[in-house]
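Chemist: Sending over a structure as C-alpha cells; questions will come in a sec.
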Amino acid sequence: MSSGKVVQVIGPVVDVQFPLSESLPDIDDALKVKREDGTELVIEVALELGDGIMRTVAMDSTDGLKRGAEVEGTGASISVPVGKDTLGRVFNVLGNTIDNGPEFDEDHPRNPIHRDAPKYDQLSTGIEILETGIKVIDLLAPYIKGGKIGLFGGAGVGKTVLIQELIHNIAQEHNGISVFTGVGERTREGNDLYFEMKESGVLEKTAMVFGQMNEPPGARMRVALTGLTLAEYFRDVEGQDVLLFIDNIFRFTQAGSEVSALLGRIPSAVGYQPTLATEMGQLQERITSTKKGSVTSIQAVYVPADDYTDPAPATTFAHLDATTNLERSLTQQGIYPAVDPLASTSSALTPEIVGEEHYEVATEVQHVLQRYRELQDIISILGMDELSDEEKIIVARARRIQFFLSQNFHVAEQFTGNPGSYVPVEETVKGFKEILEGKYDNLPEEAFRLVGGIEDVVEKAKKLAGNN
C-alpha cells in the first residue's frame, strides 16, 4: 500500500503528498491517518493536484492532525458491513456501530459504498403500487415499488413524522425491511426515532445509518451512500423489496457544497457545487428495481426558504416518480398530514396502473378542491351568500374532503393521545367516492377531521350529536 504525509489541513480538507516513486491511490480510495492522540481518522481521496499531492475529504473531525503525519493507503474505498445482522443496529458513515452494541468482525461481509448502478438488462420494467395506509398519499399521489419519492416541505411541517409513520406502516402491515439514513439532521430526532422504533418493535426490521448535523461535511456527504449500500445488499443478494428512507437529501447536497469550494472548485448557481447534478445522479441511479428485488426510496427534501426553484430541490425533482408536498397553511388549519392534495403528484396515477375507479375518484377530488380554491377569493370578499346553490354544495363537499384527507398517525399517538389508523386503498377510494356522491352531506364537517375510514366518520358524527 502507498504511504504518504499530510502537507496541509484546511478544515475538513486534507492534502497528502505521496512519493512520486510509488503508485498513487485511486479517486474515492480510503486512507488512514493517525492523530496526535493516537486515534485513527479515515480520509477519502477527492482530487489529484499533481506532484504526488492528493486532496482528500475527512470523514471525521481533523482536530489533532498535524503536518507530516503518516498516511496509509487502504487500496480500496470505504466498505461497510452488510447482511441480516445489520437489522436492528445503528451505524455511522464508516459502518462502525454507534448503538453501544458489539462491533462487527473484520471478516464479516462488507461492500464498498462506491458502486456502479445496475446495468440495463438487470432492471425490472413492471410497475406495482406500494400501499402506505395514508389516505392522501394512496388516493392522490400513489407510491411505486422501486420508485423514488420526494417529501417536500419547509422547516417544521412534518416531513420526519411522515417518514416515521411510513416506516411503521411498512414494517407492521407489509413485514418489509427498511433502511433509515439520517443525513445532516438533528441528533435528537435520530435518538428519539431509535427508541420509538425499539418500543414499537419496528427496529428488528430496520437498519439505521446516521451522519448528523454536528458531523463534518465529509460524513454527511457519504452517509447516504452507506445507507444505500446496506439496502442494495437486501435487494441483490436476499432478493427483497427494501424501503430506503433518506432524511434529508438536501443536506447531502449542502455537504457537497461545503467541501466543494475547499476542494478548489468554482461555485455554480447560488453557490452550489458545479458537480451537483453528477453527484445527485450517481446516488439516484443506484436506487431502482431489478429482476431480483427493489429499493423504493422515500426522501425528505428540505426546500430552502420554501423556494422550489433553488438548484438543490430542483435537481432532486428530475429523479422523482412521485412527490408529496407538505404545505404550511394546512398545518395552520390543523390538517395532518399537511400534504397538499393539488401540488402532490405521481406518475402512477393513471387508469392503467391504479384502475379506472381509483383514477376517476382521485381526479374528481382534485377538481372539487381546485374549484373550492378558486371560490375562496369570492367567499373572503363577498361571503358565502353570493355563491350559487351548486357552488355552496361544492364548498361543503370540498371542506369535508379536505378534513377527510387528514388522519391520526401511530407514531404521534403519544403526543396526541389518539390512536393511529391504517386505511387500505379500497376503503380510501370507497370513502371519497361516497363523499363526492353526497352520501354524507348531512354529517357535520368536524366528523371528518383526523379519522381513519368512512365508518369512523359516521361513528364520530354520532358521538358529536350525542355531546350536543
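Yeah, the Cβs are placed from backbone N, Cα and C, and that goes for glycine too.
For reference, Swiss-Prot lists these features for the protein:
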type	residues	note
BINDING	G153, G154, A155, G156, V157, G158, K159, T160	ATP binding site
Chemist: Give the helix, strand or coil assignment DSSP yields for G153 (ATP binding site).
Modeler: strand
Chemist: Out of G154, G156, K159, which of these binding-site residues shows the lowest number of other CB atoms within 10 Å of its CB?
Modeler: G156
Chemist: Which of A155, V157 has the fewest nearby Cβ atoms, counting only those within 10 Å, among these binding-site residues?
Modeler: A155
Chemist: Quick check on the binding-site residues: of G153, G158, whose CB has the lowest count of neighbouring CB atoms inside 10 Å?
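Modeler: Checked G153, G158; of these binding-site residues, fewest Cβ neighbours within 10 Å: G158.
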Chemist: Neighbour count, 10 Å Cβ-Cβ cut-off, for T160 (ATP binding site): what number do you get?
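Modeler: A count of 22.
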Chemist: Could you tell me which three-state DSSP class G158 (ATP binding site) falls into?
Modeler: coil
